[in-house]
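Contents: one structure, followed by commentary.
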Amino acid sequence: MWYLLLPTALLLTVSSGVGAGLQKAVVNLDPEWVRVLEEDCVILRCQGTFSPEDNSTKWFHNKSLISHQDANYVIQSARVKDSGMYRCQTAFSALSDPVQLDVHADWLLLQTTKRLFQEGDPIRLRCHSWRNTPVFKVTYLQNGKGKKYFHRNSELSISKATHADSGSYFCRGIIGRNNISSASLQISIGDPTSPSSFLPWHQITFCLLIGLLFAIDTVLYFSVQRSLQSSVAVYEEPKLHWSKEPQDK
């Protein structure tokens with residue numbers, strides 16, 4: 001009965017489609033700062049699954065396809081025009097989530113690896129100078145108040161972020177004979193999200209389809225049962241009539 005095999009076929013099709021949707025490419029920055037200065041070198045690396053026949057990578061900058069097919073996209077000398085959202089895709093990977101890169105033209109820049117952190121995340125901030133010019137007497141400030149001082153330029157590290165670490169940050173230091181300050185950067189700390197609280201869309205769809213297929217199977221089962229019972233009721237065993245032959249005299 002082909003209609004009994006239909007739910008199984010649908011289940012296999014849905015399962016393969018959902019499995020394919022689980023793979024998504026990932027864009028990583030090297031170095032991992034999301035804010036850089038002009039003339040900095042930035043490498044964007046696409047992590048995904050390739051096919052034996054096609055090892056090319058599709059890169060997108062602000063939704064426009066880039067004529068570059070290597071897994072690593074190198075920006076040798078960044079310019080402000082290179083700012084924007086970057087995404088990548090491979091043969092066996094879905095389009096990645098966007099990664100924002102900001103390129104600034106300035107003497108001093110406060111760098112960060114993220115703009116939004118969760119409670120408990122480590123935070124790294126760096127007071128970066130144009131062309132890596134030496135910077136001395138570096139002060140990191142939060143909401144206008146000094147947070148950390150370094151005689152020689154060093155990163156500001158916070159091992160576990162709390163809501164108290166939210167706020168407006170900037171850094172200042174001595175370059176040559178000039179006291180220079182960076183532009184301010186807003187750092188936000190959110191509550192940690194629980195992965196088990198919300199299912200991804202493909203898992204929700206899969207669960208709904210499983211329930212639908214179960215309902216179809218149940219309806220078909222009882223429908224077949226009723227059909228069989230009706231067939232048995234209609235069919236009646238023929239009655240045999242025996243007659244006694246007259247005996248020969």
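In case you wondered, yes, glycine gets a Cβ from its N, Cα and C as well.
The structure displayed is predicted, hence computed values, not measured ones.
Disulfide annotation in Swiss-Prot: CYS171 is bonded to CYS127, selected among CYS127, CYS207.
According to Swiss-Prot, the cysteine that forms a disulfide bond with CYS88, out of CYS41, CYS46, is CYS46. CYS46 (disulfide bond) carries a strand DSSP state (E or B).
Sequence-distant neighbours of CYS46 (disulfide bond) (same chain, 6+ apart, CB under 8 A from its CB) are ALA25, VAL26, VAL27, THR57, TRP59, ALA71, ASN72, TYR73, CYS88, GLN89, THR90, SER96. DSSP gives CYS88 (disulfide bond) a strand state.
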